[in-house]
């Protein structure tokens, strides 16, 4: 199983890689900076951290933005988006008042709370169960963000922060989008990554 981590000149690339090295051989982990490199991997991870504006600027510099959108829609490879890597796939992002990739309908809004960003450990609650959380007894993960997805449809797990119901796991087709950081979430975060990598059914719905 070969896994590609998108390298767009920002983000916590090595934190993701170090977490993956506990699950698969490092020879099967690749940093991806060109679209053609995506063809050699089985699954793709878009890491979190950073500003959407900086992310777009870096992607535009290497002519990556449009090509990435086209590739993800056409090839349908399993894709894990983490934090910013989740938010960038939607229509509109309040940060910088910029449009996202528009692969999915939905807006990314700023959290309404006295204390922003939302940083720390929090328990997520199931809206409907999914095999991506298989064998995880305590659904407690590490969050660090100021913006959140307002869309409820296709949200499988949510977290409440200061009366904001935040989509913490959004799943649609081959896309698995996390608001928390699995690479910073200890054993349960590693289980999320392992479930994503090894479940070749692209992860199963649990009724």
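The backbone N, Cα and C atoms fix where each Cβ goes, and this holds for glycine too.
Taken from TrEMBL as is:
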| type | residues | note |
| --- | --- | --- |
| DOMAIN | 28-198 | domain 'Glutamine amidotransferase' |
| ACT_SITE | 83 | active site, nucleophile |
| ACT_SITE | 181 | active site |
| ACT_SITE | 183 | active site |
Rounded Cα-Cα span from residue 83 (active site, nucleophile) to residue 183 (active site), Å: 11
Local Cβ density at residue 181 (active site) - other Cβ atoms counted within 10 Å: 22
The residue listed as 'active site, nucleophile': tally of other CB atoms within 10 A of its CB: 24
Cα-to-Cα gap, residue 83 (active site, nucleophile) vs residue 181 (active site), nearest whole Å: 7
